[in-house]
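To keep things clear, I will list the structure first and then write my remarks on it.
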Amino acid sequence: MTTDTARRHTGAERANEMTYEQLARELLLVGPAPTNEDLKLRYLDVLIDNGLNPPGPPKRILIVGAGIAGLVAGDLLTRAGHDVTILEANANRVGGRIKTFHAKKGEPSPFADPAQYAEAGAMRLPSFHPLTLALIDKLGLKRRLFFNVDIDPQTGNQDAPVPPVFYKSFKDGKTWTNGAPSPEFKEPDKRNHTWIRTNREQVRRAQYATDPSSINEGFHLTGCETRLTVSDMVNQALEPVRDYYSVKQDDGTRVNKPFKEWLAGWADVVRDFDGYSMGRFLREYAEFSDEAVEAIGTIENMTSRLHLAFFHSFLGRSDIDPRATYWEIEGGSRMLPETLAKDLRDQIVMGQRMVRLEYYDPGRDGHHGELTGPGGPAVAIQTVPEGEPYAATQTWTGDLAIVTIPFSSLRFVKVTPPFSYKKRRAVIETHYDQATKVLLEFSRRWWEFTEADWKRELDAIAPGLYDYYQQWGEDDAEAALALPQSVRNLPTGLLGAHPSVDESRIGEEQVEYYRNSELRGGVRPATNAYGGGSTTDNPNRFMYYPSHPVPGTQGGVVLAAYSWSDDAARWDSFDDAERYGYALENLQSVHGRRIEVFYTGAGQTQSWLRDPYACGEAAVYTPHQMTAFHLDVVRPEGPVYFAGEHVSLKHAWIEGAVETAVRAAIAVNEAPVGDTGVTAAAGRRGAAAATEPMREEALTS
């Protein structure tokens, strides 16, 4: 190797090492050396305590997207005195991928009981996401426990004030909290009554934890693998990775290494594992058998994401942890964006989709566009009304912009001048995953029932109906004879047969599917679960039961099918109406056919890939993408800044969107007044104040 070649190799290695360290800082929210500021503490101060520092002259700021990132940034900047306009493509609601199905004034209720609601998107908030939780508290919203694992309702004390948000910094152990402790608050005990059903074997989670052999043998596992739960397998495989940055104590808990080693350890994790998919890690690094990988993928919900980056599943393993505490917002997750939006009525413009973005960056070859340039606006955004892609455009101008829409959606926006090469690559290549939910409403919370509850409710429909559902192995003719005479001629059969159901609401399509379905359903024990979820290898994959009843109601909405990636793609092939019959049938395979009597015929479904504004559930990198371009995702392009979950390394979480929104707001607030036409807003609020919006045909870049 020549001296020049060696130098080039050394230079490339140094550049790579700097990339790994910077990515570790992004992940951990560590500021630049030498101060190594804890950015989370700073963001908490800005978001919750003191707001942005007083700015210089107010700036005209355009924000694209009224999801949680756009709303948080808009709120901070408006309170700081800037002239903010938030452009939202959706004409009907704010919130982006925070969406709750609920009754709206003047519109048909999504469920038979208008009091019911259910989440189409974000549904749980972990205790280690302090920005989101503290914001919820600051806005006066009520948070309550979300039960990732079902609980014993006779234990704990949830009626006491909820504990405050608490964060302990990696710097000098400094702490932040937003209230006094609440020692009276107690979480209920976990029961693990919910189900795992795979390969026609079904056990409760509690049984699987003590004896996983029957489930594991269904995947053809042998030897010691049959005696380990898949969760234990994965944890054992990940222990060497955790050793990079933390130390295991005698009691099994882990503590972070001293700061420099902790940061360097995470940089080494990025270096050594960003090139792995989760499937490759389990097979090559952990040396699991193919059968073990299949079991892990099915039960731990990794199957459809085994081809995606190791890092996403590794971080998600910490984020969706059965031992962690999770919260939800009473009234639905929608309460968070809607509450923020109330104070931004004058700033939000609904039903305006960005189709063209032009900006002036004096650092780029003196380029100026048709609408931007020296002495004029630095940013011009052109929009069309929702549902009118070929309409004449409306132009909005400003000094700076924050783009919060997903890159999957930004891909369809004309940008002049083009972003830098690495940014364009990130916009083009960032992998967006799929997620699809199917929700079904029932007039009684049968998942909480004991067998005594089942007998009471079924025999209230017709004496002997409980015994009918308990019969097993009969052919259809025998089953028909066993059916009580009083319910043989119901117009919908036993679908929605309970008196609490208005069977006239059950659509003919669903009734026809029900009549022609060969599934009679097995006999299954009462689930008797409060919250939590079950797992199956049928297309529904994951099922979640409500953590809390809606006050004054006896029914509830079950998340009957929750799937990601390729699993979600199968559901996306069906029309919405078709999904309900399949979801009910697959729910019955786990819980027994008798649940049909409480089905109201009402359901809702959400495919985020088919959503025209989201174009996918969330950014989920493939191997190498994080090291290839994530640092370029974060960087602004002249006067254009970026925020959203995809700009963070907390992909798919509200916390990632919030932290990037605060960061973008700080940067825009502190941006110097340069040769970009920054002017004080005059007259009315809104970034179009200094330049009246004009109508014109869409320009090409």
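Each position is counted from 1, following the chain as shown.
Placement of Cβ uses the backbone N, Cα and C atoms for every residue, glycine included.
Annotation source Swiss-Prot lists signal peptide at 1-14.
In sequence order, G65, G351, Q352, R353, M354, T383, E386, I405, Y613 are the residues near A89 (FAD binding site), counting only same-chain partners six or more apart with C-beta under 8 A. Residues or ranges marked as FAD binding site in Swiss-Prot: A69, E88, A89, R97, M123, R124, M354, S409, E645, W653, I654.
The site 'Important for substrate specificity' annotation in Swiss-Prot covers R305 and is backed by experimental evidence. Its Cβ taken as reference, R305 (site 'Important for substrate specificity') is surrounded by 21 other Cβ atoms within 10 Å in the chains shown. R305 (site 'Important for substrate specificity') carries a helical DSSP state (H, G or I).
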Self-check item: Rounded inter-Cα distance in Å - A69 (FAD binding site), R305 (site 'Important for substrate specificity')
Solution: 26
Self-check item: M123 (FAD binding site): secondary structure state under DSSP, collapsed to three categories
Solution: coil
Quiz item: Which residue, out of the binding-site residues A69, M123, M354, I654, shows the minimum number of other Cβ atoms inside 10 Å of its Cβ in this structure?
Solution: M123
Self-check item: Listed in sequence order, residues with CB under 8 A of E645 (FAD binding site) and six or more positions away
Solution: A69, A618, A619, H651, A652, W653, I654, G656, A657, T660
Quiz prompt | Residue pair M123 (FAD binding site), R305 (site 'Important for substrate specificity') - Cα distance, angstrom, rounded | solution = 20
